């Protein structure tokens, strides 16, 4: 047991991805008027809650992880950290994260962190992941919470922009997750996890991927339509979304589904990263703020 093991069970890669989306939502709402104290609270608080959820997920999935090639060497599967200690660690991380968001950001940001945690750990990890093909859809809601937390940490309100972020990031999660399920098909089948490719076949999954990316593309444009993001954001969102849609369409002619799914997965990360960056720098400033800056 070492510090490295405690870091590994928090899934740092997932935390880093969520930090980018928190920042995107935060800077979108800030419109150039940045409170760095609140920003750090939003980023650190959300990271702690996400880390807590990941540790709980590792605890819950020990039996599944033993059957999957890519997860059989995880810390808890190997017994490098005890289950009791991991549960305590996860609990402390979660409490610290929610407390930080509540006290240094606002109660609304903390509420969305709790909602995301409950969906991920309670509904997805404990139940739906093992029992329903719709587990991915429900789990996608938890993955969409970080940008909403970042946005609400500034705005302290759930408005059209916050709703758009929730819908947009939820829709993004679906083809992203389905791509993983395709190139990790044998692992999911061995672990008896009822993901869409295993339950209904890869061809059906390709159709779902195409439809979700199309819906995602439309949702991303709503930030500009609603007057929250600028034309540069719109251009990047449209360009990335259409190319991702084109890649999904090419899947119908793919010779090797595993290779195609990996490419789709990698591009999904580029897409959401680009949009998080663009909404951070190309926000729409209201007329009232422009007058304030002018004087």
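Placement of Cβ uses the backbone N, Cα and C atoms for every residue, glycine included.
The feature transmembrane segment is assigned by Swiss-Prot to 9-29, 36-56, 80-100, 108-128, 135-155, 163-183, 209-229, 230-250, 265-285.
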Seg_contact(the transmembrane segment (163-183), the transmembrane segment (36-56)) with at least 3 CB pairs under 8 angstroms, min sep 6: no
Stretch-level contact, the transmembrane segment (36-56) and the transmembrane segment (135-155), CB cutoff 8 A, at least 3 pairs: yes
Cβ contacts the transmembrane segment (135-155)/the transmembrane segment (80-100), at least three under 8 Å, sequence gap 6 or more: no
